[in-house]
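Presented below is the structure to which this report refers.
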Amino acid sequence: MLLWLAQHFQDEIGPLRVFNFITFRAVFATLTALAIGLFFGPMVIRMLQRLKVGQAVRTDGPQTHLIKSGTPTMGGALILLAIGVATLLWTDLSNRFVWVVLIVTLGFGAVGWVDDYRKVVYKDPKGMASREKYMWQSIIGLFAAVYLAFSVSAPSNSQFLDLFVAWVQSGFSMDLPPKADLIVPFFKTISYPLGVWGFIALTYFVIVGTSNAVNLTDGLDGLAIMPTVMVGTALGLFAYLTGSATYAKYLFIPHIPGAGELIIFCGAMAGAGLAFLWFNAHPAQVFMGDVGALALGGALGTIAVIVRQEIVLFIMGGVFVVETLSVMIQVAYFKYTKMRTGTGRRILLMAPLHHHFEQKGWKETQVVVRFWIITMMLVLFGLSTLKLR
């Protein structure tokens, strides 16, 4: 919005040309989201307290968490508000990638809001049924996957439609341009052609998987939000470089016209996340709930697909990956041993992994900060793939 206004008056007011620089708008999107989050945070917390939107804590979880019962949840709505306002103010509203990321983010946020609402109203920690939640996530994820399969390969929406029609006319067997291939880090020229169906399947897996992975990680005060900020900031840098023909050619990464605007969304996400951390740091005054965790995870996955860095997301989001695997392995092993011996056994003391370390005697703050440190190292390693080729 501000970009449009600046371009309209820049001939009369020369300094307004600074709005044409993406980096300038990214910085101020970050500051805007941070300011919105810090200003409205206390109001949102008081409102949630009045509405008695308190977290229902699992009785079979760590006993130290029972004291958290009643802490306001659904604070992720504050994050989405800050991201949405800052993005709409500072981004180029004609950019199609910004809109698809916003739609996915708000869509997953809506699913999370319904889940949180049911938890609060019915005092049920499980919330929405898994099948129902997965169904809505799948609808949103598939919508994004089909759209991105062709928009990543086309520099404009008109060419996107031409590409889509050509795919239909080919009997759904058309190949995509090389820029839509799966990029293998550390190699300049090695990539894996996905085809349309492969691209859709991978994109669906990345978006829905990342959304649920962030949600599983969000079990301790500040645990999920800081890794989200770090990974999101790194993806913003990838977006900026991918959107530049010069940098993309120099670094041997695909050039996706228009992807650079996503650094503004990533900046807004970082600012909103830091503002939320102000209130979510131990002892937390508010939890983000599924409305925040599902939305932020969906945003990270969508951006990674657009900038063609799915494998790098897997590296940088290693904490999210390990947390998810810990749950899958725990459940699978329990079912397997119960089927074989009649008694289910567990590999971990408790899943997800952060609860295992709590049961081992780690303080909550120790688990959180150590996971932050691990994420920081993984993000730096992921960024190193830009030059280690």
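Cβ coordinates are placed from backbone N, Cα and C, and glycine is handled just like the others.
Noted in Swiss-Prot for the protein shown:
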- 21-41: transmembrane segment (TRANSMEM)
- 70-90: transmembrane segment (TRANSMEM)
- 97-117: transmembrane segment (TRANSMEM)
- 134-154: transmembrane segment (TRANSMEM)
- 189-209: transmembrane segment (TRANSMEM)
- 222-242: transmembrane segment (TRANSMEM)
- 259-279: transmembrane segment (TRANSMEM)
- 286-306: transmembrane segment (TRANSMEM)
- 311-331: transmembrane segment (TRANSMEM)
- 366-386: transmembrane segment (TRANSMEM)
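The largest share of C-beta pairs under 8 angstroms with the transmembrane segment (222-242) comes from 259-279, of the ranges 70-90, 134-154, 259-279, 286-306, 366-386.
Long-range contacts of the transmembrane segment (21-41) within its own chain (CB-CB distance under 8 A, at least 6 residues past either end) are made by residues 2-3, 78-79, 81-83, 85-87, 89-91, 236, 240, 243, 260-261, 263-272, 274-276, 278-279, 286.
Below 8 A, the CB atoms of the transmembrane segment (97-117) and the transmembrane segment (311-331) form no more than two pairs separated by six or more positions in the chain, fewer than 3 in all.
Within the same chain, the transmembrane segment (134-154) packs against the transmembrane segment (189-209): three or more Cβ pairs sit under 8 Å, each pair at least 6 residues apart.
Remark: the transmembrane segment (259-279) makes no contact with the transmembrane segment (311-331), by the rule of 3 or more CB pairs under 8 A. Only sequence-distant pairs (6 or more apart) were considered; of these, fewer than three Cβ pairs between the transmembrane segment (70-90) and the transmembrane segment (311-331) are under 8 A, so the stretches are not in contact.
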